[in-house]
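Residues or ranges marked as active site, proton acceptor in Swiss-Prot: 72. As annotated by Swiss-Prot, NAD(+) binding site applies to 72, 73, 146, 147, 157, 174, 176, 187, 188, 189, 190, 191, 192, 247.
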């Protein structure tokens, strides 16, 4: 197991609970004689912290562990910035669901200490890279840990598009949009649109139409190495939006093509040893508990 000596902290802004947890975490790490580096945005709201600061991008270069304090949205943003550096990332939940940030604030010291002592699990989560092309030229690019979504933006009209997978025509469709999700993102927007839950170790991508104008349209699970192309109908009069993790956005024009494929670099996600994916699903999604009388 790796020994962590340079630990970066990223915190969600605008939350007093996050600031309180960041302060606790900072003190705990300093007491263990670790070199602590704060992301510059959270450092700005912690006057007198007395620590080295860094941009989020640079944290990946100077740290051998980054701890994210916030919710899943905070982890999504951190993942896109840090995946290329292969730095392990650990999450402390100060959001609502916490699929990715799985350490509770009340167990911060215990669980972080275990991780620092080498008692942890590592998961490699792949990201998607999206590119919009206009007449063959790239006009917008973005990465996503959860999903790439084609949607009508502020318009209430349906989108007409064609879907190709690995160069093969799949279908033409009218729908409110299309979600292309990783296994990580299968419990997010894709789930609410009727997609399946995929275990994060699966090397697969799910394609989920949003309110399609045909009853036979269903989600498709494809190989994780597939290359997807979505052609926006040239006859459309609206300009659809592409969103990566609901955080990065760019605009398509009629006739543009959206290309989505697996990104080469993966997120190294750290969990405590007692992490259980099915327990997370059961807790976060409200699944039924075990029947009495069974071992």
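Cβ from N, Cα, C; glycine included.
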(request) Fill in the CA-CA distance, residue 157 (NAD(+) binding site) to the residue listed as 'active site, proton acceptor', as an integer in Å. (result) 30
(request) Please classify the secondary structure at residue 192 (NAD(+) binding site) using three-state DSSP. (result) helix
(request) Using the structure shown, find which entry in 188, 190 (the binding-site residues) has the sparsest Cβ neighbourhood within 10 Å. (result) 188
(message) I need the CA-to-CA distance for residue 146 (NAD(+) binding site) versus residue 72 (active site, proton acceptor), whole Å please.
(response) 10
(request) In three-state terms from DSSP, label residue 146 (NAD(+) binding site) for me. (result) coil
(message) I need the CA-to-CA distance for residue 190 (NAD(+) binding site) versus residue 72 (active site, proton acceptor), whole Å please.
(response) 15
(request) Can you figure out which of 176, 188, 192 (the binding-site residues) comes closest in space to the residue listed as 'active site, proton acceptor', comparing Cα atoms? (result) 188
(request) Within 10 Å of the Cβ of residue 157 (NAD(+) binding site), how many other Cβ atoms can you find? Include all protein chains, please. (result) 12
(request) Please state how far apart, in Å and to a whole number, the two most distant Cα atoms are among 72, 73, 146, 147, 157, 174, 176, 187, 188, 189, 190, 191, 192, 247, the recorded NAD(+)-binding residues. (result) 31
(message) Are there any residues at least 6 positions away along the chain from residue 176 (NAD(+) binding site) with a Cβ closer than 8 Å to its Cβ? List them or say none.
(response) 151, 152, 158, 159, 210, 211, 212
(request) Return one of helix, strand or coil for residue 176 (NAD(+) binding site), based on DSSP. (result) coil
(request) Return the residue, from the listed binding-site residues 146, 192, with the maximum count of other C-beta atoms within 10 angstroms of its C-beta. (result) 146
